[in-house]
Every structure is written in structure tokens, then in C-alpha cells.
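A.B. asks: Annotations for this protein, taken from TrEMBL, read as follows:
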- 3-96: repeat 'Solcar' (REPEAT)
- 100-193: repeat 'Solcar' (REPEAT)
- 203-294: repeat 'Solcar' (REPEAT)
Amino acid sequence: GGVPPAIDLVLGATAGCLACFLTNPLEVVKTRLQLQGELQPPGTYHRPYRGVLRAAVAVCRADGLRGLQKGLAAGLLYQGLMNGVRFYCYSHAEDAGWTGYPGGTVAAGAVAGAVGAIVGSPAYLVKTHLQAQTLSAMAVGHQHNHESISSAFRSIYQQHGVVGLWRGVTGAVPRVAVGSAVQLATFASAKDWVCEHQWFRKGSWAAVLAGGMVSGVAVAVTMTPFDVISTRLYNQPVDANGTGKLYRGFLDCILQISSKEGLLGLYKGIGAVYLRLGPHTVLSLFFWDKLRNM
């Protein structure tokens, strides 16, 4: 508390972008792993990406070192929009005293995350498309073949209008709402807990990092199924009317993945999810907390 919501908007956007720049390579790997073997039974498809480290090496071989930063501009735009709005809304909830009620932190985090997801959805759509693109021999999922972030936005808008830019948002809202609620609630609780037990001094960087690390574990476990669904909905091919060719929506995506890939299909890439979300949670909340104190 103590920071005006308008300032939190800027600080949240800045914190998200700083964290995104450092963790985007893991986001690329995570996207490829989640699209690999789409709607195919386990063990029946070619696996060009095996594990986080080997997948990162495979990306470098196919696309060069720069391939690990594919979709960075769209990722920065998404993080700036989503986290700026998310922390702005959460700051308003703090000022209004809503986070002081039982479950208030979770509810405020969920609502703030949902609003942020809606605002940032077009950027996440383009980011997913760009990160999935690679050589045909290493391709997984549908290839949209955009030349750049600007051409991607232009192409989607020309083909499907403004509505097309928000395609897949039904997967993004629950993804970010759940992730945001768990992240903000566990971060605040963990940070307070380690300080109360005098493990770390209140306000120290160690307390902030401890809270972020615990939060990262919780977010990865709860968010991965929603993350897989979101990636699939955003990247799927669409017909002339903008209707998905593979999934009719959020629930249909869950049912298809569960029936064709098994329940573990919903946890594809969980290693990359944590290795990305863990540092991203630590860094974004660390930057946000320290920027607020400054």
C-alpha cells in the first residue's frame, strides 16, 4: 500500500517487462513443448523437443541464438499491458481495503488478472504465433508464418477484424485470473510469514525473493493446465469466419486434450512452465516491490 494506483500501473508494467526480457527464452521453449503432439496419443508422434534443456538447444539449432528471443517485442507489449493493468487494479483494491477481508487478496488478484488478460490478449495472441514459428522439420502446432509483430497484427485485423485480435481470450482470462490470484495471495502470505518467523528482516530483498519463490511453485502447479489450453486456443488455425478448426472453445479444448492426449496432456511443458514462471514470478514481484518502496 501507500503507492497511488496510477504509479502502480507504471511500476507493474516496468516490472513485468524487465522480468519478460530475462525469461522469454523459457517462454519460447514452453510454447513449443505445449504444442508438440497436439491431439495425438502419447508415443505416436515425432518429438523434436525433449525436455527443457534439449528443447532450448533444438530451438538454437533451428533458429539460431536469436530464436530463443522470438516474440520478445510482443511479449514485452503483453507484459506491459497485462501487468500494468493488473497491478493498477490490485492497487485500487488495496486502497479500498478489499484485500483486508478474508479471501480478499485472492479475489482482488483474480479480478485484476482477468482484466489484465483481456487488455493484453491481442499481444499474447501474436506472441504465441511468433514463438511457434520455425523450420518445417522442427515445426509443432499450426504455423501462421508472420514476418514481424506489425505484419501479424495487420494480417489478423485484415482477415478477421477487431474481434479476431481477441481470439483465444476465453482461455487467457481463466489462465491469468487463476495465476494472478495464486501469485499475489501466496507472495504476500509467504513474505509476511518468513518475516514473522524472523527468517528474514521485513522489507529485505531476501524476504521478497523467498515470497516470490514459494509463489512460483504454487503458480506453476495451478496454472499449467490453463496455460496449455490458452496456448492451444491462441495458436489453432481458423476458418474464414475466424472460427477455430481444432477447438470450439475453452471446455471443448479441455475435453479434447484429456480424451486424446490423456490428463497428463494438460501438464505438457510443466518443467518449462515452472522454470519460466518461477524466475518470472520472483523477478516481476521483486522489481514491483522494490520499485514501490523507492
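Cβ atoms here come from the backbone N, Cα and C positions, even for glycine.
Map these features onto the structure and tell me what's around them.
C.D. replies: Broken down by DSSP into helix, strand and coil, the repeat 'Solcar' (3-96) contains 72 helix, 0 strand, 22 coil.
Taken as a whole, the repeat 'Solcar' (100-193) shows an average pLDDT of 91 in this prediction.
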A.B. asks: DSSP helix, strand and coil counts for the repeat 'Solcar' (203-294)?
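C.D. replies: Tallied per class, the repeat 'Solcar' (203-294) gives 72 helix, 2 strand, 18 coil.
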